[in-house]
């Protein structure tokens, strides 16, 4: 029995080289009549009568930034997706860490609603609670059960997927017809995959084991051997450019003259910022700079294989006659930094370089060479894809909004001006033996004992964007109740925290606005503009010359 059944109306071009045999065939999608009785997908608006619903492909990179030029190596991806469709210049994640962000993509929810707060089982990352409560309601599960889509997953799922305490590799999340998932975190060699619930180990032979290429090959085989009677959804989650930054052999000498960008916030002290940022050592040591330059270069090298993957997918879709009826999304789970505010390498922070991601989309009804400045977040991916499939967002409890009208060029569109960013810091209860001078409660202290995280690196922000304003307001849940506010129109590199130069009364209103977002759920998160109907926020008041005033203490609101 084959992993993927051969469609009866397509000639076979040789047996699948990369898909294993011996796995049980998935059940067929529900018949159309049953879907209609269940109130399923009724067809995407604007589709030709009698035409099949569109296919969707989502390619998800791991730790790929937008601010520091993360899309530069992906020339083919930009040409085949961005230039053939729409590029979003204001795409954000609600949490700058892998597992919470990926959970937001799958559920369409903010972290305070899906309750995945970090990359551990204790933090609800692929835990039994996640499996029981959230997985049945992910957008792929809805596509499968309510819309009759074939659903295919390949690559990194969640950081703790495959943990023995949460079902191991035998656990296949609800909603996936074909499951080809990596055990735990990103690797390029010497990893284990769950193939429809059965473990398969890979070694370190480039020709058969390099994970990005394996994902490309199994995805191409799916396109050749799937059923042609139903639409499909594919999610391909690459390891690149996540550490350990192992490039394919043919790309290991690329970008030899490339270094981490020396932008205005590179290797400077984080003045007037949260203590975790202030503890970074400025200037960085030469060894730290050399380390992050090498990391930056190697990250780009790994992305060249992702570029090849995208090219292969597009060409195969075109060869199979399916490209014109397929939406292709390209994005990342979070951004990254390399030396900004003297933090060597990581994500997790509230600044643009960590929370802003690439987002490119092509598909039916999207004009080529479009750029949108509309404020979108990865919680919008699920609602948008369900909208494409014809499933109403109001049937879900998702926090995000469908940006399909933006893709189709809708005019006079009422849209949000704010998204929420929230993060719960991680620390260690013991002192790091490599950094004995540091107290317990910190983590990710490398190199030179510069820490990237701590228990009280717990914060929530409102990111505000409109035609006139470009703002960020953040609160930390710590003893200081520290506040950071940035006017990104005047200060795009977030050098100047203006929290102490703003009227305390206005800060109080902004605090209340943040708490409204942190307590939202489902439809109340989708309300455009200001979330408190009794309050009209005027950003112009922020930049009046109030002088230096003492900021009031805010009421804390935990994630």
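Including glycine, each Cβ sits where the backbone N, Cα and C put it.
Among 98, 99, only 98 appears in Swiss-Prot as part of the Ca(2+) site alongside 62, 63, 333, 334. Residue 324 (N-linked glycosylation site) sits 38 Å from residue 118 (N-linked glycosylation site), taking the CA atoms of both as reference points.
The most crowded of the recorded positions listed here (124, 217, 286, 334) is 334, judged by how many other CB atoms sit within 10 Å of its own CB. When the glycosylation sites 369, 429 are scored by other C-beta atoms within 10 Å, 369 scores highest. In this structure the alpha carbons, written CA, of residue 62 (Ca(2+) binding site) and residue 118 (N-linked glycosylation site) are 15 Å apart. For the binding-site residues listed here (62, 63, 333), the lowest count of other CB atoms within 10 A around the CB belongs to 62.
Residue pair residue 487 (N-linked glycosylation site) / residue 334 (Ca(2+) binding site) shows a Cα separation of 22 Å.
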